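Beneath this line is the structure, given in structure tokens, with notes to follow.
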Amino acid sequence: MSPHDPPTLLVLYGSQTGTAQDTAQRLARQAQRRRVQVCLSPLDGYNVAELISESLVVFVCSTTGQGEPPDNMKNFWRFLFRKSLPVGSLSRLDCAVLGLGDSSYPKFNFVAKKLHKRLQQLGACTLLPVGLADDQHDLGSDAVVDPWLQAFWDKVLSLYPTLRNVLPLREDEPLPPSFTFHFLDGVSEQTEDRLWTDPPSSAPSPSQPFPARMLSNRRVTEASHFQDVRLIEFDITHSHMEFTAGDVVMMRPRNSAEDVRQFCELLRLRPDSVFTLKPCICKLPRPCTVRHLVESYLDVAAVPRRSFFELLASFASNELERDKLAEFSSAAGQDELHGYCNRPRRTALEVLADFPHTTAELKADYLLDLFPEIQPRSFSIASSLQAHPNRLHILVAVVQYRTKLYRPRRGLCSSWLASLDPAEGEVSVPLWVKKGSLRFPVQKERPVIMVGPGTGVAPFRAALQERIAEGKTANVLFFGCRSESKDFYFRTEWEDMRSAGHLVLFTAFSRDQEEKVYVQHRVRENAALLWDLVANQNACFYIAGNAKQMPASVRDALKEVFQQEGRLTAEQAQEMLEAMERTGRFQSETWS
């Protein structure tokens, strides 16, 4: 490539939880500081047919579920893997791929690896090896991202030597804001629920969720139990929502009234002030109040990312605060940042309170650069339309835990849901449904084995209701919890199914005896039954629940079953499990 002026850098991202988007934005800011023209877009917001005429592109993408692309890159993914695409169609393209993943999942960074390979197949020149960032690293994904970005810019400087003569913006010079706030006097806000004043004519979506009326919000753990778990029921009449066992429901939580009040105080904003934005954001009403923006859009209760500190540092004029923020923003200061922010799970709001001089200098125009948008949360649907028409149930563990910080840490969505009480007045929650990763067999006689400890049992309740309604009675469930009397979810339902001959149930109550008993122990104990179901009756095996140790322990127990009952070697047992995974006979849905 000739050493002329660099082309516009195109940064495309596929992001599920916002991490890849944040990294893509960081790269775009680095380009702006180097005075390189840059364009940033989610992959599905870009016309992929134009890729053949691009010169320089960086793809930043995460991997979801069982090695699938994020929602906002699925259309791009389908297009790129069309067999009809000519082999040399991207021969003019210089590109690089940065993947964000978690090595505790079996398909670590699968999307980035596959994308890198596909771009090479189509003739693109990959400027450097695919970056494989790992959330499990002590310093998080930055341990890979930092050196990868440095290597990328070194490569760009060698391709375009004229860039070496450009004086970059200093790190402490704020970049121009992406948005401008125009505050309006004497204007009252439009209705915030404008999205759903009329009954929807099609299935709900992220841009047009359905306001589902909450019918009940019932605690299902015993009052003395350490964890508050809720069974929540929604009315979805006239919503056009359809779902089957294994699907998930999506919702966007809201910040608490107390957090909204404190945020407005710290930034000296009046909650009732009304503004319009340029460019506008379609998810916000026009005009919009500060209260609505903070409550429903800005993620102020999350643990902030490093980019938050980078931006704050550029506003700081107080020397002490500026030095500390600069340290937190630097590659060398990541251990320090981890200790201050990630380990104790300190929120962005608490950080603002710790840096009062810098917070006082923040202008409203930068709020949308500083705070990411609240991301939707997903819950396994815990009911079947065949058993509960026009209803949707979820099982929610209210997240609360302590760190060294004085106030307990709370999960944003679960705490918000727990605070809603339909007995005190009508409550509606905007929802939409998404295909889940679990798929259940259509054949009537095919047995299903489900391992769902704790709230992991939610999708299996939906599956059992659906299967029994369809006359599929070969069902085995392994359920585990701490105590039979405190957190045995849906006990009477399982007992009814068992007495009707529709379910074989195995339970593990870990704290009800001296030695802890978990679901993997019950799997081992029932080796003969499981081997017969899997080897002779072609059963499907499912795991759902917390991603810490349980999924790996259950996998190991199942391999031991194959070795013991099927007389297989360890290698053969591993191969058998992998073959089941490939054909969809072994599936897992885990979350951290």
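Every residue gets a Cβ built from N, Cα and C, even glycine.
Those TrEMBL annotations? Automatic predictions, nothing curated.
For 9-153, the entry in TrEMBL reads domain 'Flavodoxin-like'. Under DSSP, residues within the domain 'Flavodoxin-like' (9-153) fall into helix, strand and coil as 58 helix, 34 strand, 53 coil.
For Gly18 (FMN binding site), the same-chain residues that are 6 or more apart in sequence and have a Cβ closer than 8 Å to its Cβ are Asp299, Pro372, Glu373, Gln375. What TrEMBL records for 15-20, 62-65, 100-109, Asp135 is FMN binding site.
The region 'Disordered' annotation in TrEMBL covers 193-212.
Mean pLDDT across the domain 'FAD-binding FR-type' (207-441) comes to 94 in this model. The domain 'FAD-binding FR-type' annotation in TrEMBL covers 207-441.
Marked as FAD binding site by TrEMBL: Arg345, Arg377, Ser378, Phe379, Ser380, Gly411, Leu412, Cys413, Ser414, Trp591. Around Ser380 (FAD binding site), taking its Cβ as the centre, 26 other Cβ atoms fall within 10 Å, counting all chains.
Take the CB of Gln520 (NADP(+) binding site) and look out to 10 A: across all protein chains shown you find 24 other CB atoms. What TrEMBL records for Thr455, Ser510, Arg511, Lys516, Val517, Tyr518, Val519, Gln520 is NADP(+) binding site.
Scoring each of the binding-site residues (Tyr105, Tyr518) by how many neighbouring Cβ atoms lie within 10 Å, the top position goes to Tyr105. Annotation for Val519 (NADP(+) binding site): same-chain Cβ neighbours under 8 Å, separated by at least 6 residues, are Val451, Pro453, Phe478, Phe479, Gly480, Phe506, Ala508, Met550, Val554. Across the structure, Leu412 (FAD binding site) and Gln520 (NADP(+) binding site) are spaced 31 Å apart at their Cα atoms.
Recorded residues Gly65 (FMN binding site) and Ser378 (FAD binding site) have their alpha carbons 12 Å apart, per Cα-Cα distance. It is Val517, among the binding-site residues Leu412, Val517, whose Cβ has the fewest other Cβ atoms within 10 Å in the structure shown. Between Ser510 (NADP(+) binding site) and Phe108 (FMN binding site), the C-alpha separation comes to 31 Å. In terms of C-alpha distance, the listed binding-site residues Asp102, Tyr105, Ser414 place Tyr105 closest to Gln520 (NADP(+) binding site).
Each of the binding-site residues Arg345, Arg511, Lys516 was scored by the number of other CB atoms within 10 Å of its CB, and the largest score is that of Arg345.
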